[in-house]
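Peer 1: This is the feature table in TrEMBL:
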- A:1-27: region 'Disordered' (REGION)
- A:49-88: DNA-binding region (DNA_BIND)
- A:112-213: domain 'CoA-binding' (DOMAIN)
- A:123, A:124, A:125, A:126, A:127, A:128: NAD(+) binding site (BINDING)
DNA sequence: GAATGTGAAAGCGTTCACAGCG
DNA sequence: CGCTGTGAACGCTTTCACATTC
């Protein structure tokens, strides 16, 4: 996966390649004082997955879960899972497992999900439409509060309950409504300019669906979702597999081409 | 199940790198034509990005490009870029740079883009619709050749030129049409069952938009695109930043005290 | 007995810095 | 001289394995 990674551009920074995911915090105990040791970026992504699995388990009435079980459900191995959870602190009970609700709470806190993050979607084409209609976005906590497009026919039309505004109004509207996450679902040509306006509007993070490498200031976090890249990675694996005729030994499914 | 982790080797040629984890091949790679070695997964993802940038450059008439320039355009540093390209072989000219067209060709070949990969989209809701309408999918080479849904009102209706079939017909239709990539855009509850049927239909790779961890046989490659996870990662960074008022002093990677 | 939490080791991936070549 | 190609150093992740705790 992934693989991923967002920001970074700033061409020539002398030293300080920054980018080190560090997040430190004061200490201890439960309650609100979050204790955030620096958590590896890779672990953060998995925490979100664990959270989903745990939520499902909670709904089904599970109260505790062992690392092995949770790991399996999340598609990782148990050592990794325990290590990941250990970044949150020690919330398990030896010989028993983890309390599901406690863990849900801890992960939510760590991921900052106790706060709401208002989302703007830019580009109300097929994809933007789909995103806007997700209605309150996955698992709530990410309400869509602004939509933008250039198409005059769309301006003012409500999509998923929110009227579409014009691209030109991005900075004001975002600032006004306190948008913290901008989603770019425009054609590639518009993406950079949209991005700049989002930044101008005070947005802190950007989720970019446009196939472009965005240039952003240091302090803006960017994640990209690139369909073409995903498909090409899959294509690579298909090709690799096809060339793997060599392995000979009992590989299930032969399918070789001389 | 465990997250997969494939052995990866190169894409090409009779020779099969011994693919043992550690070993780099001894340097002896002389100017041989395309001798393969294993390409890191992370590099593969970037190759796709380089390819896009290079194609754009080619269209604008560039014939050669230096690593520094290409790297900047792709949002990486030049050392990484050169390393990545070196996995393809030596196609640059010292003191000059890379020939754009040659590089495009090499990357396409490595990514398996010289072949077509037929795509099926399952779940013709908002997102599936958007995907189906991408029409021939990003950058051609990934024609959508089958659509599936459960909704009786949708069956038979053409979307983006392809009539929608029923989920139950996934195995037959996929096998018939030689689908190699399945895209899952269904609600989470349906995803695993859809996945199983795609596999039964001979699909080799799956791109999963549903927020579920899919269980698949060893030989199937899965990539997931998870909106909720992306947003939660961004949320984490917002939270981290908010808590960062603490270290106060300038960016310099403050290793803060507990 | 059972399962967590974690140092230490093993793998990977990125960056450095320079040799090598046009 | 300029720029590629790459061994080697470095740092992040994952895995191992076991002491620790309930």
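Backbone N, Cα and C atoms are what each Cβ position is placed from, and that goes for glycine too.
Automated prediction, rather than curation, is the source of TrEMBL annotations.
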Peer 1: Highest CB neighbour count within 10 A among the binding-site residues A:125, A:128?
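Peer 2: Of the binding-site residues A:125, A:128, the most buried by Cβ count within 10 Å is A:128.
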Peer 1: Write out the long-range same-chain contacts of residue A:123 (NAD(+) binding site), meaning residues 6 or more apart in sequence whose Cβ is under 8 Å from its Cβ.
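Peer 2: Set apart from residue A:123 (NAD(+) binding site) by at least 6 residues yet with Cβ under 8 Å, we have A:148, A:149, A:184, A:185, A:186, A:187, A:190, A:194, A:210.
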Peer 1: Please classify the secondary structure at residue A:127 (NAD(+) binding site) using three-state DSSP.
Peer 2: helix
Peer 1: Show which residues of the chain containing residue A:126 (NAD(+) binding site), separated from it by at least 6 in sequence, have their CB under 8 Å from its CB.
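Peer 2: Listed in sequence order, there are none.
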Peer 1: Just give the helix, strand and coil counts over the domain 'CoA-binding' (A:112-213), going by DSSP.
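Peer 2: Secondary-structure breakdown of the domain 'CoA-binding' (A:112-213): 32 helix, 26 strand, 44 coil.
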Peer 1: Express the predicted model's confidence over the DNA-binding region (A:49-88) as a mean pLDDT, rounded to an integer.
Peer 2: 98
Peer 1: Pull the DSSP breakdown for the DNA-binding region (A:49-88) and write it out as helix, strand, coil residue counts.
Peer 2: 28 helix, 2 strand, 10 coil
Peer 1: For residue A:124 (NAD(+) binding site), which residues in the same chain are close in space, meaning a Cβ under 8 Å from its Cβ, but six or more apart along the sequence?
Peer 2: A:132, A:147, A:148, A:149, A:151, A:154, A:159, A:164, A:185
